[in-house]
Amino acid sequence: ERRRVPSSCCFPSASGPPLQAAMAFFRGLTAVSRIRSRMAQEATTLGGVRWLQMQSPSDLDLKSQLQELIPEQQDRLKKLKSEHGKVQLGNITVDMVLGGMRGMIGMLWETSLLDPEEGIRFRGLSIPECQKVLPTAIKGGEPLPEGLLWLLLTGKVPTKEQVDALSKELVTRSSVPGHVYKAIDALPVTAHPMTQFTTGVMALQVESEFQKAYDKGMPKSKFWEPTYEDCLNLIARLPPVASYVYRRIFKDGKTIAADNALDYAANFSHMLGFDDPKMLELMRLYVTIHTDHEGGNVSAHTGHLVGSALSDPYLSFAAALNGLAGPLHGLANQEVLLWIKSVIGETGSDVTTDQLKEYVWKTLKSGKVVPGFGHGVLRKTDPRYTCQREFALKYLPEDPLFQLVSKLYEVVPPILTELGKVKNPWPNVDAHSGVLLNHFGLSEARYYTVLFGVSRSIGIGSQLIWDRALGLPLERPKSVTMEWLENHCKKAAA
């Protein structure tokens with residue numbers, strides 16, 4: 001049996017009145033006490049909250065786990081809607097409407113939750129907690145992405161045996177039809193890697209099990225099953241497609257065959273051409289922390305929105321990738337490394353703190369942003385940045401670019417705070433990833449967003465399966481004109 005922290009266990013937010021925070025803290029202690037008491041008992045059955053993993057052959061199959069969980073969650077959603085459907089969640093302001101819907105609570109996203117102060121939690125577990133409890137390839141190593149996929153889909157921490165079984169299943173699903181590569185080859189080799197990658201995903205769409213099943217006619221209650229098949233097939237086939245794009249553009253088209261004895265992230269790294277054991281660990285960490293970041297970011301929201309029209313997972317994910325390719329979203333990880341290299345190009349490798357401050361101010365005064373700093377939701381240093389920094393301190397503390405990133409951590413936030421226009425002056429996930437990849441030889445910054453895309457498939461795919469299982473409706477928010485807003489505000493002021 002394997003124990004886990006239940007997703008229902010919550011932690012007090014750093015924000016809010018002190019009394020509320022204190023009460024939340026003591027409620028958390030009480031909950032933890034109850035958890036420990038419950039975990040000490042010898043359980044023979046799985047209750048509504050799955051405190052223990054029961055070892056049996058059927059548990060190695062991820063789909064059977066979902067078949068057991070889905071009816072419970074469907075009932076939970078029905079009860080929530082019938083008993084509390086009229087409860088208000090907050091007020092919508094004009095600033096929210098004009099500011100990109102920031103802060104509006106407007107969608108259901110089960111797989112992760114982002115707190116402005118605490119950061120991301122995957123099914124209730126923080127990144128450090130995931131690093132402690134998820135199975136690894138090596139002792140004390142980084143978590144395997146397959147383990148996070150299991151966690152996102154089931155809300156349960158998997159055993160190593162379950163993760164190994166899932167790794168093998170993904171291998172059986174990873175064969176890519178030849179026409180996909182032909183579709184990519186039809187593009188100029190100079191096309192951006194994200195353009196080529198998205199083209200490959202669209203070419204995979206002809207394999208959609210959901211599309212075939214929908215065309216034949218099937219009850220809505222069964223929609224999740226072909227969606228599951230599509231999502232796992234898509235997740236499995238993305239590394240071969242993504243590595244093909246990389247080798248086509250940057251390595252004269254000389255591809256590397258998969259090593260199916262490796263886990264998901266390690267095999268991806270191998271097909272790219274990087275077999276350093278430290279690089280394999282980095283890829284495991286990279287894929288894991290980039291999988292999901294709540295539902296409101298551009299790529300996740302786009303995948304959910306397009307999927308709500310019953311577009312199949314390939315169409316939904318291709319749309320998500322097109323959002324990820326934007327410079328204000330996933331493309332930022334490309335821009336960070338290019339900007340850091342421009343700093344060195346102008347100041348030299350031994351840049352002083354004063355020179356760095358001067359370059360940051362120069363960037364800002366030119367009307368540009370310092371890439372890798374700030375976040376639409378977070379109001380503190382991104383935990384995904386922190387775990388990458390810890391990886392760098394462990395494996396590459398003397399790397400010159402890492403040392404420059406460390407200096408930027410000291411220099412940029414005070415400058416952005418002084419500027420007074422930035423709500424969050426702290427570094428985000430993109431501020432660090434490029435430096436780590438560059439250290440191990442993956443220096444082609446234009447490709448970095450593809451890595452992000454491969455990772456994000458795990459989160460978007462997991463939620464899309466639950467969208468279908470819960471029967472979530474077509475997304476259709478109301479829009480208004482500026483005239484409507486002006487008239488509404490006049491009436492409110494009267």
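Note: Cβ is positioned from N, Cα and C throughout, glycine not excepted.
Predicted automatically and left uncurated, TrEMBL annotations should be read as such.
Here is what TrEMBL says about this protein:
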type: ACT_SITE; residues: H329; note: active site
type: ACT_SITE; residues: H375; note: active site
type: ACT_SITE; residues: D430; note: active site
H375 (active site) CB neighbourhood, other CB atoms within 10 A: 22
Nonlocal residues around H329 (active site), in sequence order (Cβ under 8 Å, 6 or more apart): N297, V298, S299, G323
Distance [Cα-Cα, Å, rounded] between H375 (active site) and D430 (active site): 10
For D430 (active site), nearby residues of its own chain (Cβ under 8 Å, 6 or more apart in sequence): A332, N333, E335, V336, P371, G372
